[in-house]
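Report on one structure; see the data block that follows.
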Amino acid sequence: MDVVFALGGSVLMPKEGASTENIQNYAKAFKKLKEMGHRVSVVVGGGNTARQYISVAREFTNESFCDEIGILATRMNSMLLISALGKDAVKQVPENFKDAELILNMDKILVMGGTHPAHTTDAVSATLAEFIDADLLVIATNVDGVYTKDPRCNEDAVKLDKINTKELLEITGSSSMSAGSSGVVDPLASKIIDRAELKTIVVKGIPEEILASVSGDHNGTTITP
């Protein structure tokens, strides 16, 4: 199976900072999937690293330049995961999809970050999945699925086990995005998922759920065309 993962930067690099064990556990999960015969691509978010830099930069500059800072943060996080993957990855963070596909064709795990200003890594992962005709897109984030509202600030939020892409558009359509902002699935990614008719799974961004998302035994939300 050809699988693209959107790995939230905040799960790889939590607020307390880098953890060798944490990064190694993610690397082990992706290596295991490769050993099982899957073709694995990982798009890593900027997370807290990006938000810290952007919060300072925003005092001096515009959103477009803040986007560029965020992109660099995603690539730094990507390099950490690449280093943990060792020989299963290439020590290069591609900046476009053609270079990304070359790495996949070398039978390596692809790891990349952001590509364009105003595009979140969710949107990048969805576009990559469309570009390479992936079988599955997995969004591994700090929430365990798609809810009717943000569960982090709404006690009455209801988790949705299965929805279609049109319903996803309705849920995410009112969201606004700026450099460094985070959400379970951002509006642009939702539009790409719908356009490409991508089967998508949203799970809690832990190694166990990453593995389970491919086997189908996960606890997240399945999004179908």
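A Cβ is built for glycine as well, from the same backbone N, Cα and C atoms used for every other residue.
Taken from Swiss-Prot as is:
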BINDING   Gly9, Ser10, Gly47, Arg51, Thr141, Asn142, Tyr147, Asp150  ATP binding site
BINDING   Gly46, Asp67, Thr115, His116, Pro117, Ala118, His119, Thr120, Thr121  UMP binding site
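The candidate set comprises the binding-site residues Thr115, Thr141, Asn142. Of these, Thr141 has the most other Cβ atoms within 10 Å. Between the CA atoms of Thr121 (UMP binding site) and Gly9 (ATP binding site) there is a gap of 9 Å. For Asn142 (ATP binding site), the nearest neighbour among the listed binding-site residues (Gly46, Thr115, Pro117, His119), judged by C-alpha distance, is Gly46. With Gly46, Asp67, Thr115, His116, Pro117, Ala118, His119, Thr120, Thr121 listed as the residues that bind UMP, the site has a largest C-alpha separation of 13 Å. When the binding-site residues Gly9, Pro117 are compared by the number of other CB atoms within 10 angstroms of each CB, Pro117 has the fewest. Using the Cβ center of Gly46, Asp67, Thr115, His116, Pro117, Ala118, His119, Thr120, Thr121 for UMP, the list of other same-chain residues with Cβ within 8 Å runs, in sequence order, Gly70, Ile71, Thr74, Gly114, Ala123, Val124.
Looking only at the binding-site residues Gly46, Thr115, Pro117, His119, the one with its C-alpha closest to Gly9 (ATP binding site) is Gly46. With a 10 A radius on its CB, Asp150 (ATP binding site) counts 12 other CB atoms from all the protein chains. Cβ neighbours of His119 (UMP binding site) (same chain, under 8 Å, six or more residues apart in sequence): Thr127, Leu188. According to its DSSP assignment, Gly47 (ATP binding site) is helical.
Mapped onto three states, the DSSP output places Ser10 (ATP binding site) in helix. Residue with the densest Cβ environment among the binding-site residues Gly46, Gly47: Gly46, by other Cβ atoms within 10 Å. In this structure, the C-alpha atom of Tyr147 (ATP binding site) lies 23 angstrom from that of Gly46 (UMP binding site). Packing around Ser10 (ATP binding site) is summarised by its Cβ count: 20 other Cβ atoms lie within 10 angstroms of its Cβ, all protein chains included.
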